[in-house]
Number of protein chains: 2
Amino acid sequence: MKNIMIAQSGGPTAAINATVAGAISVALSSSEVGKIYGAQNGIQGVLNETFIDLKEKIRSSQELELLSHTPAAALGSCRLKLKDLKKDETQFEKIIDIFKKYGINCFIYIGGNDSMDTVDKLSQYCAAKNISDIIVVGAPKTVDNDLVGTDHCPGFGSAAKYIGVTFSELERDCHVYKTKAVTIVEVMGRNAGWLTAASSLARINGAKGPDLIYLCEPVFSTEQFIADVKAKLERQDAVLVAVSEGIMDENGKYISEQVQSGMLDAFGHAYTSGSAKVLEELVREKVGCKVRSIELNLMQRCAGHIASATDITESKMLGMKACQCALEGQNGVMAAIVRKSDSPYVVEYTAVPVNQVSNKEKKVPDEFINEHKNDVTPEMVAYLLPLIQGEVNQEYVNGIPKQIELY
Amino acid sequence: MKNIMIAQSGGPTAAINATVAGAISVALSSSEVGKIYGAQNGIQGVLNETFIDLKEKIRSSQELELLSHTPAAALGSCRLKLKDLKKDETQFEKIIDIFKKYGINCFIYIGGNDSMDTVDKLSQYCAAKNISDIIVVGAPKTVDNDLVGTDHCPGFGSAAKYIGVTFSELERDCHVYKTKAVTIVEVMGRNAGWLTAASSLARINGAKGPDLIYLCEPVFSTEQFIADVKAKLERQDAVLVAVSEGIMDENGKYISEQVQSGMLDAFGHAYTSGSAKVLEELVREKVGCKVRSIELNLMQRCAGHIASATDITESKMLGMKACQCALEGQNGVMAAIVRKSDSPYVVEYTAVPVNQVSNKEKKVPDEFINEHKNDVTPEMVAYLLPLIQGEVNQEYVNGIPKQIELY
């Protein structure tokens, strides 16, 4: 019999628990599997030996379904990166000792590129030491959609749906008054603009806005931004702008750092603010009309109530794939999605060597950004649209979504 | 035959269009009614004679249903307050002339306490001038829930549901790491804490957070706040705080103005920020742990996708009631809700003299706030809970909610 351990790492999303549920479902259906453990707070929980007996915690298919619809990381998360294998093996020895102590044969780690680094190092260590009875496998997760090796990442589709829906509602809200007004909405993404691009989905049923979309990949020019806003204001009252958290000037300096560096708060500290807040002040200064900034903040990554059904299904499938790979002995791979076509939307689930994924970032390619660098192209919309299809059937109790707690 | 005019005013909500739909449905079913006009951008649209033929625009019960589920103000809004009747009658003369020109017999104005001031003045003017063939009626609307004369306001229940659901998701998100961290979430409400109180609904199914809730009614002490946060941090890793936009110190000065007054941005201007941002800086200074602030911003008032079914139904009923009152000749009243019991939840629809409503504000009473002024009481939860029950059955096209546009 094989014992399995599952853990989650990095920033939580609305879909990461569905990957756990998928892995559990394959483990439960396999006659090879004995224990199914969850490590609390990722690899940190392995080191601390804080484990959850998942067979004990999840006793019905209803509870497994509930886990799929519960946002954030039900097993907890961490941001611990393992040390360089060549310099210090002690962490790896300790982890393998703990795995042996608990009879763990399969370790499934769900996370982004830092977490895939853990999968890579740990699987390399096992291979180098000829530890053939411990298989380490990764499953992708990130709202930012910046993992290479997979068409897209679980968590991204739900965040994209939240962003598309929210922009469609903000678009209605911003247009009720006959007043010149600019609303600047900051979307997550420090190094990749995928989430900001999802604001374009608000227009899919004919709405006009967002009127301007700035991803973090092209150089951001504040002069061009003000010119773009002024041009829009000449033709309409309200202007809705989507902007990435991580927009940078030509010198590679974050826009969010520019104004803030000149500012001190009442305690004499540098004041932190987002890119949208900086642009808000800029519009107030250079345009003079009514202006406000909005940050979608944590809501965009944890809004389970508006998760994409496609995303939740794919997230489950990737958990299943990862568990299958682990049971089949495929050490050092990450479960991944290959897109066969946009319309009809067809995907296949596969496994890629995790060393092709770890510590890399997938940026938005040029052909997905328009010539003026202030919007996305139809190719981007075609890429995004399938990922937000379908609404989840969440169970509400007392008007609030029901959620499961594992610890 | 009577012609009807409907208009919307003040800040938009997720439920205000359901009031329009309710009024239209009664007008359509009455054999007395001829034309049904919508004035674009509230009373401003009346003065500008920018009217929409609503019978032309809404041709099926499906479209009427779609209007009920479309957030923001489909007829547009304004913030125009009419002049003092005793000082200047010209505006009133002009409005009545326009009503006469278009043969308007019933004017239904949907809005908050400023809008009820318009209803009050206009209905008084008609009475004083013996204009008996023009009836002016109000229907309540405000996310803030601060109107007197009605148990609660349409729009509030949906915003409360958004806030309860969002806090339940943020609560999950905040607890994934084993790190001391404070998350401060600012909720709308400059003068009344009803919306901030709705954060308590996140706990209804057993979740722990939010851990601290500060409404704007009691005096806010930054010293007590820091002491409260420190006490919570001693017992747990993550602390989730809900705070009203309008919290004030003992001198009646907004907390949001305190720190910001000492700050200038890069252009030498006073920097505007919310109460949560100010408290974030304070926690960074006085506690030193990881801290972030979040503003629910416009999303809390326009999130049609997570509207309360109870709210949408009541909003429709109040539109119907307002239209009935207008057809029955009840000049100068506002449609209102009387709560008969919390559990089972029973309400009746009535009409109250609008002069009892206009320019007044309903604050949260003392018995709804706990002794330490850092949470709400079970009585508050009992008041709030019925208002968020039920989920709306929104139609999604391409993964985004379908909406109707009237102009």
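Keep in mind that glycine also has a Cβ here, set from the backbone N, Cα and C atoms.
Residues annotated as active site, proton acceptor in TrEMBL: B:Asp144. DSSP gives B:Asp144 (active site, proton acceptor) a coil state; it is part of no helix or strand. On its own chain, B:Asp144 (active site, proton acceptor) has B:Gly112, B:Cys153, B:Phe156, B:Met188, B:Gly189, B:Arg190, B:Asn191, B:Ala192, B:Trp194, B:Leu195 as residues at least 6 apart in sequence with a Cβ closer than 8 Å to its own Cβ.
All chains included, 23 other C-beta atoms sit within 10 angstroms of the C-beta of B:Gly11 (diphosphate binding site). A coil conformation is recorded for B:Gly11 (diphosphate binding site) in the three-state DSSP classification, outside any helix or strand. The diphosphate binding site annotation in TrEMBL covers B:Gly11.
Here TrEMBL flags B:Thr142, B:Val143, B:Asp144, B:Met188, B:Gly189, B:Arg190, B:Glu245 as substrate binding site. DSSP assigns B:Gly189 (substrate binding site) to coil in the three-state reduction, outside any helix or strand.
According to TrEMBL, the feature domain 'Phosphofructokinase' maps to B:3-325.
Secondary structure at B:Asp114 (site 'Important for catalytic activity and substrate specificity'), as computed by DSSP, is helix. Of all Cβ atoms in the shown protein chains, 17 besides its own fall within 10 Å of the Cβ of B:Asp114 (site 'Important for catalytic activity and substrate specificity'). According to TrEMBL, the feature site 'Important for catalytic activity and substrate specificity' maps to B:Asp114.
Long-range neighbours of B:Lys141 (site 'Important for catalytic activity') (same chain, six or more residues apart, CB within less than 8 Å of its CB): B:Gln8, B:Gly10, B:Thr13, B:Ala15, B:Ile16, B:Thr19, B:Ile110, B:Gly111, B:Gly112, B:Ser115, B:Cys153, B:Pro154, B:Gly155, B:Ser315. Feature annotation from TrEMBL assigns site 'Important for catalytic activity' to B:Lys141.
Of all the binding-site residues listed here (B:Thr142, B:Val143, B:Gly189, B:Glu245), it is B:Glu245 whose C-beta has the fewest other C-beta atoms within 10 angstroms.
There are 22 other CB atoms within 10 A of the CB of B:Met188 (substrate binding site), with all protein chains counted.
Looking at the domain 'Phosphofructokinase' (B:3-325) alone, the prediction's average pLDDT is 94. Each residue contributes its Cα atom, and for B:Gly11 (diphosphate binding site) and B:Asp114 (site 'Important for catalytic activity and substrate specificity') those atoms are 11 Å apart. When the alpha carbons of B:Val143 (substrate binding site) and B:Asp114 (site 'Important for catalytic activity and substrate specificity') are compared, the span between them is 14 angstrom. Taking the mean position of the Cβ atoms of B:Thr142, B:Val143, B:Asp144, B:Met188, B:Gly189, B:Arg190, B:Glu245 as the substrate site, the remaining residues of that chain whose Cβ falls within 8 Å of it are B:Asp146, B:Val187, B:Asn191, B:Ala192, B:Trp194, B:Leu195, B:Gly246. Each residue contributes its Cα atom, and for B:Glu245 (substrate binding site) and B:Asp114 (site 'Important for catalytic activity and substrate specificity') these two points are 20 Å apart. According to DSSP, B:Glu245 (substrate binding site) is assigned to coil rather than to any helix or strand.
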